[in-house]
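Enquirer: First the structure, then my questions, so here it is.
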Amino acid sequence: MAAKYLSAANAAALDKDLMSMGAFSLDQLMELAGLSVSQVVYKVHPPSKGRRILVACGPGNNGGDGLVAARHLWHYGYKPTIYYPKPGKNELYQRLSTQLRNLSIPFTDDFPSAIKDSDHIVDAIFGFSFTGSIRSPFDTIISTLEATSLPITSIDAPSSWDITNGPPSSGPGANLMPQYLISLTAPKPLVRYFKGRHFLGGRFVTPEIHQKYNLQLPEYEGVDQIVEVPIEESEEKL
C-alpha cells in the first residue's frame, strides 16, 4: 500500500494527538521511536558489518530517540558511542543518559575522532521540526557527516533538512544524503528529495488517529516495528 506523507502542520498536530487522543506519554513515544530506529540499524547494518555505532544526538526529542536507540543497540550486541554536546534539560533526557552510563556506554566530546573509530552513524541531531540557522557545534558536525564515507541512518529527517523543501540550498547539510532514513509515524514531504533506503516506524497509531488524518500506511509484518517503504510510494500529500 502507498504511504501518504504528512504536511508540516499535520505532522505537528498528529504528535499532539498521540498524547491527547492516543493517551501516550512522551516517554512511551520516544521508547517506541528509538526501538524502531534500532531495528533499522540492525536490518541495514547487522553486527557482522561492524559493531561500532556512533550516535550523534541533538538537544531535543530527536536526540532522545537516538539515546533510546543506543540502549537497544547495546542489548543487540553493538558497541555504541554517544556524541551529545548539548544535553536537553528535560528530566527525561537525563534519565535516558543515566541508563546509558549504567551500561558503561561511552560519551565523547570529540566527534571527528569518534568517526574514525566507527562503522555506522545514527543521525539524531535535528528532526522534522527543525527551522532556522544551524548553530555551533552542529554546523561543523553536519559538515563532517556530509564528508564521511560511513553509512548514516537519519531519524525522521536528515539533520538540517526542511520538512517540505528538503536539503538547504547552501551551507551545512546542502550535500547531506544519508544512506538510510526512518520516518516516524508517517513520511514527511522531504522524502521526495531522499535517494536512499526509506523505512517507516510507528506501529502504535490508533484507529481514531488513522481516520482523522486519513493515513494510508503499509502493514507491518510479524513483530517488526519497521517496514521499508520505497520513496515512489510516499508521494500523496496529507
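Placement of Cβ uses the backbone N, Cα and C atoms for every residue, glycine included.
Quantities reported herein were computed from a predicted structural model and do not represent experimental measurements.
Pulled these features from Swiss-Prot for this protein:
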DOMAIN    11-217  domain 'YjeF N-terminal'
BINDING   ASN61, ASN62, GLY63, GLY64, ASP65, GLY127, PHE128, SER129, PHE130, THR131, GLY132, SER133, ASP156  (6S)-NADPHX binding site
BINDING   ASN62, ASP123, SER159  K(+) binding site
Enquirer: Taking the Cβ of ASN61 ((6S)-NADPHX binding site) as centre, how many other Cβ atoms lie within 10 Å?
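Expert: Within a 10 Å radius of the Cβ of ASN61 ((6S)-NADPHX binding site) lie 23 other Cβ atoms.
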Enquirer: Over the residue list ASN61, ASN62, GLY63, GLY64, ASP65, GLY127, PHE128, SER129, PHE130, THR131, GLY132, SER133, ASP156, recorded for (6S)-NADPHX, what is the maximum interresidue Cα distance in Å?
Expert: 22
Enquirer: Please average pLDDT over the domain 'YjeF N-terminal' (11-217) for the predicted structure.
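Expert: Taking every residue of the domain 'YjeF N-terminal' (11-217) together, the mean pLDDT is 95.
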Enquirer: Between ASN62 (K(+) binding site) and PHE128 ((6S)-NADPHX binding site), find the distance joining the two CA atoms and give it rounded to the nearest Å.
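Expert: So the Cα of PHE128 ((6S)-NADPHX binding site) lies 9 Å away from that of ASN62 (K(+) binding site).
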Enquirer: Sort out the sequence-distant neighbours of ASP123 (K(+) binding site) for me: same chain, 6+ apart, CB within less than 8 Å of its CB, listed by position.
Expert: ALA56, LEU145, ILE152, THR153, SER154, ILE155, PRO158, SER159, PRO178
Enquirer: Report the same-chain neighbours of ASP156 ((6S)-NADPHX binding site): residues 6+ apart in sequence with Cβ closer than 8 Å to its Cβ, ordered by sequence.
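Expert: Within the chain, ASP156 ((6S)-NADPHX binding site) has Cβ neighbours under 8 Å at ASN62, ASP65, GLY127, PHE128, LEU181, ILE182, SER183, LEU184, LYS188.
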Enquirer: Have a look around PHE130 ((6S)-NADPHX binding site) and count the other CB atoms within 10 A of its CB, chains all included.
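Expert: Excluding its own Cβ, PHE130 ((6S)-NADPHX binding site) sees 21 Cβ atoms within 10 Å.
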Enquirer: If you count the other Cβ atoms within 10 Å of each Cβ, which of the binding-site residues ASP65, GLY132 comes out on top?
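Expert: Within the set of binding-site residues, the most crowded position is ASP65.
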Enquirer: What is the set of residues, excluding ASN62, ASP123, SER159, whose C-beta falls within 8 angstroms of the centroid of the C-beta atoms at the K(+) site?
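Expert: Near the K(+) site, beyond ASN62, ASP123, SER159, sit ALA56, GLY58, GLY63, GLY66, ALA124, ILE125, PHE126, GLY127, SER154, ILE155, ASP156, ALA157, PRO158.
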Enquirer: May I ask you to report the DSSP-based helix, strand or coil state of ASP123 (K(+) binding site)?
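Expert: The residue in question, ASP123 (K(+) binding site), is strand (DSSP, three-state).
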